[in-house]
């Protein structure tokens, strides 16, 4: 099954305490951007990549693409919005070649082809599929610094990206969210409101999102453990 990819690279890096977009921070000699994008470029089923970036960084994205010898016909760069959701919507406007679209956060550099495989099976069966891992830690609900309850973690999952959807469903979900002025934290939260069942497939505990400075040493350790190749 072929798919198009909306690749989000318009982050600000504020929580990373970086002076630039965290996508351009180096991880073992290469930008996080390249680590996160390479598995999709290596997947022949990925027919098109829509990179959503800040307007002032388009030139830098193009330079990186040329270094990776990616055909221009396979890449399109679009301007991101003020919120993640608006950036995804901008990317979706440029989709339409394939029935299925994947959305991925560029700050997750350890995606694997195995996860992509599971997502494509999931979206074929359920029209919407996300990857996730079971919560390991004890979870508390806290109000004003005081524990209110211990949450049963049996049915709790930590959601990751990529997330996979049939394109018409994700577009419809974005249209509804815009109409109702709903702002979600991921695509699945929009699709759930249609309503539409969203299937879960197994992600990876290695598939972390690089958000704060503490994540960088962990990322280097993961890359070392994987031998530079993100396999489950």
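Note that Cβ sites are derived from N, Cα and C of the backbone, with glycine treated the same way.
Copied over from Swiss-Prot, here are the features:
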SITE      15  site 'Transition state stabilizer'
SITE      22  site 'Transition state stabilizer'
SITE      153  site 'Positions MEP for the nucleophilic attack'
SITE      209  site 'Positions MEP for the nucleophilic attack'
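Secondary structure from DSSP puts residue 209 (site 'Positions MEP for the nucleophilic attack') in coil.
Spacing of residue 22 (site 'Transition state stabilizer') relative to residue 209 (site 'Positions MEP for the nucleophilic attack') is 11 Å (Cα to Cα, whole number). Neighbour counts of Cβ atoms within 10 Å were compared across the recorded sites 22, 153; the minimum falls on 153.
In sequence order, 105, 107, 108, 160, 215 make up the list of same-chain residues 6 or more apart from residue 209 (site 'Positions MEP for the nucleophilic attack') whose Cβ falls under 8 Å from its Cβ.
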